[in-house]
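Worksheet for the structure shown next.
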């Protein structure tokens, strides 16, 4: 069993001798063994080894060391190296013994120190010119083994050999980023050369990634996890006293490119496509850019769509866009070794980015003469494309059509002298800019100018005079100057001076506050005397003053009142009821008169608003009613006199109720209505009457006439026996007045009259004392059923008729004759 296991493993069951060979053991492991004897009855007890046995081969002295070589020879030393023996005799080597023999002598002498385990040794202190041979043997726990084969005889002298260099790499090496690479080779030379590594003429230093390993015969420069910066020209120099050798290698560490350089420039933006450009990557990864990959996406979605991957230019057209949507563009650079990270653009809306230029600002006109003017403007925004021309147009102010001032292009100057103007005409000018897209909107028109030569100061005003005065003001009047200096008169400056003073004071500060040829100078002191003068002003300046001939004493004038009536103060004023009555007049007089309003010599109604100003008076009555009509008078009075004016006001309204409604000629199907016109026609002619009837049992009035102008009406189509009431109202252009109603109802029945005489009376039989009579019904029954016939007789020649009897039928026998 193994020493560290507890389970026993059987080796043999049929051994009859007293020994056995155990096979299949593992070298270096420790084992225990046990043995038991067996006969026909059974197996006896085991006998066990007392201690563990380690399995190893039997130990002998080592074999001879191998490959004993002379590495270096000088005039007083020899350096040797060797390799271990192929078999160490079953025990570790404890030391090597190096021996030398001077040629010509028989014995080898030991030259190594005790316990030397290094396999390299330099024998020093030799004599120049002596020749030796060397051998080495190995020792283990058993003893010293056989010596190695002897070296060739070695003479102590300095060896000189120029450096040699044998490289394992070519002139160029391409490495992927992140991979390791090494530059290796072999070299020789005596004395031993010095090895130096350079990269781009700078000495290579070791660090975490850069490793330099040099042996007496080999050299190596290794770089772990290479980066782009490791690219360069590497040089290894092998140099000793006899010369030097150099080896070169151009290392190119390649990678995918860096991203293209932004920003992405939108060279052109249209509603359905864009043209973008960018700059190549700063680092092409050490390999030429083979192509760019361009993608687009809607800025509000996450899906990138390919545009192209076959372009090597740094510009690209992005097609198939939807107008108004915002897009982002991303661009990758690709070389043989991969695709860069992307360059992503800003968002850009698909719309026509280039347009015609904006309208210039309002142009300025200068240097005006009678036939030319210089138009000056500022350059507007060019719409994204350079402006190529300006178009200057003119028109007369009152005209509607603009005309180009020249067909020649105007560029790049932003001013133009317009020729061929007509003297005295007023012109406006405007400017448009043009680029390759088209002509932009025109500027606002310039301020109007008159084509006339530059102006001079005007001559003085003519004939200034004082035309009116009060106790604190003077009214001046004058005529325009004879010469306006070719410029419009802006206005006049009025100045005054108190007699005895030297200083002239300004009555108005600016000429445009007095554009008319009159002015009221206020703020004067009553009783003082003043001088006055006037100057005309145009764009060139002020004229010489013109003086009022005589000084003016400031005091009130007396003027009797004067009334200038407005249209609403004509002799008769009609106003519709509910509307507003306005009466007004302009009032003059010095001093200003006292104003009073009357209505038929009484105070006007409190509802009237009366307003008096410095130039007139106004009376106003809102929501007029009929009673507001009458004679209104306006009286104005001052110390110089008084004046009164009157106006008749008629408030037009609906008429009053008709009067004296009568019903006559009642029949079973009609009756006759008569009435008298209203006392008040509302100030307007009555246009018609409205007649209505109502069954006493009904609540609804029925119109039977609405257009009659007569004051009577035959009410027809009555129902016999029904009781009716009637009402009548008058209408004028302002509406319908109140109704007048019959006092009591009438019944639709015919009036009663005596019947007519029976017809065709004759006898049919005669006897001596009696007569039989027959007759026909009368033509009319008098409005009621005939109840009987009264039969009378008279003796011939007598005066009286004698009643016989009343009979119901159309025959009778008269008896008793």
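From the backbone N, Cα and C atoms, a Cβ is placed for every residue, glycine too.
If you check TrEMBL, you get these features:
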type	residues	note
DOMAIN	1-58	domain 'Fibronectin type-III'
DOMAIN	64-159	domain 'Fibronectin type-III'
DOMAIN	163-252	domain 'Ig-like'
DOMAIN	259-353	domain 'Fibronectin type-III'
DOMAIN	359-454	domain 'Fibronectin type-III'
DOMAIN	460-557	domain 'Fibronectin type-III'
DOMAIN	561-646	domain 'Ig-like'
DOMAIN	657-751	domain 'Fibronectin type-III'
DOMAIN	757-817	domain 'Fibronectin type-III'
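For the domain 'Fibronectin type-III' (359-454), the partner stretch with the most Cβ pairs below 8 Å, chosen from 64-159, 163-252, 259-353, 460-557, 561-646, is 460-557. Secondary structure of the domain 'Fibronectin type-III' (657-751) per DSSP, as helix, strand and coil residue counts: 0 helix, 47 strand, 48 coil. Helix, strand and coil residue tallies for the domain 'Fibronectin type-III' (259-353), in that order: 0 helix, 50 strand, 45 coil [DSSP].
Break the domain 'Fibronectin type-III' (64-159) down by DSSP state and the numbers are 0 helix, 42 strand, 54 coil.
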